[in-house]
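*Asks:* Structure in structure tokens, see below.
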Amino acid sequence: MKVAVIGAQGRMGTAMSAGVQATEGLDLVASLDAGDEITVGSLNGAEAAIEFTRPDSTVANVLALIDAGVHCVVGTTGWTGESLDLVKEKLEQNPSIGVLIAPNYALSAVLAMVFAKKAAAYFESAEVIELHHPGKVDAPSGTALTTAQHIAQARREAGLGEMPDATETDPHGARGAVIEGVHVHAVRLRGLTAHEEVVFGNPGEQLTIRTDSFDRESFFPGVLLGLREVGKRPGLTYGLDQLMEL
Ligand SMILES: NC(=O)C1=CN([C@@H]2O[C@H](COP(=O)(O)OP(=O)(O)OC[C@H]3O[C@@H](n4cnc5c(N)ncnc54)[C@H](OP(=O)(O)O)[C@@H]3O)[C@@H](O)[C@H]2O)C=CC1
Ligand SMILES: O=C(O)C1=N[C@H](C(=O)O)C[C@H](O)C1
């Protein structure tokens, strides 16, 4: 398979390019970064593209890739219901193209999200703590946002109400972001790569689900699975769990 990497000079682009080059059957034919136009010509015959850029660039990049007839495996964060709709619309005009967008391609993180969703119905309290390298431009992480949304959905479906919290004053925002009723805390610390802890509490017991990506090579097996599957699944697929029979 001929593969293009978009965001090739970045932290993820560099790691994904190395992964592609080390994998038999994959051929890295285009490496594009900021300032490079995405066209049939610049993609140099690529059949699929791996896209890890910036939240403010990814939508335009994915639309251009679809226009160029290239399947997409997208890891960039920042997707919203509205931007996903733009991709769906574009895909309606290009019905043979597949796009996979996932907030996290590390298998441990995908499993942590699935386990957290399962656990959520059984606990009074749940909070998400994500910890990342200080070069990350967005907070909370896409993974934490998705984890919180899944927990909130599972709680609603289980008929659980608000979580216990007697906080009356919080002038400094110490209780973190609140995503659909779930508190999310973001740590940025030199030395970290990508980590998340989901803590659940009941009277007298606690469950902690933790995922750690110590290296960006941890994201490649999931991206590789995406590359192998995306062309067989025309339209938009959201989340690597959709390809993992979980
Ligand atoms: N889903 C997942 O599993 C993972 C997702 N991510 C996400 O991937 C994204 C990238 O992360 P990371 O690699 O650390 O970020 P980096 O900033 O290291 O890399 C982004 C790269 O994209 C380039 N870029 C900026 N704008 C464009 C554009 N319009 N077209 C092409 N390239 C562009 C940047 O260039 P310049 O520096 O000149 O702006 C940079 O080289 C983030 O959203 C992050 O959250 C990260 C890890 C795993
Ligand atoms: O920016 C990162 O590094 C990461 N971004 C993704 C996110 O925001 O969830 C995935 C992973 O956490 C690494």
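Backbone N, Cα and C define each Cβ position, glycine as well.
Predicted, not measured: the structure shown is a model, and the values here were computed from it.
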*Asks:* In TrEMBL, the NAD(+) site includes Gly7, Ala8, Gln9, Gly10, Arg11, Met12, Gly75, Thr76, Thr77, Ala102, Pro103, Asn104, Tyr105. Which of Asp27, Asp33, Asp36, Asp56 does it also list there?
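*Replies:* So, going by the record in TrEMBL, that would be Asp33.
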*Asks:* Looking at Cβ-Cβ distances, which residues of the chain lie under 8 angstroms from Gly7 (NAD(+) binding site) while being 6 or more apart from it?
*Replies:* Gly13, Leu32, Asp33, Glu51, Phe52, Thr53, Arg54, Thr76
*Asks:* Since the record lists Asn104, Thr143 as binding-site residues, which of them has the fewest other Cβ atoms within 10 Å of its Cβ?
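*Replies:* Fewest other Cβ atoms within 10 Å, among the binding-site residues Asn104, Thr143, is found for Thr143.
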*Asks:* What is the interatomic distance between the Cα atoms of Gln9 (NAD(+) binding site) and Lys136 (active site, proton donor), given in whole Å?
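*Replies:* Per the Cα atoms, Gln9 (NAD(+) binding site) and Lys136 (active site, proton donor) stand 15 Å apart.
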*Asks:* Taking the mean position of the Cβ atoms of His133, Gly142, Thr143 as the (S)-2,3,4,5-tetrahydrodipicolinate site, which residues outside that list, in the same chain, have a Cβ no more than 8 Å away, listed in sequence order?
*Replies:* Thr77, Pro103, Asn104, Glu130, His132, Lys136, Asp138, Ser141, Ala144, Ala194, Glu196
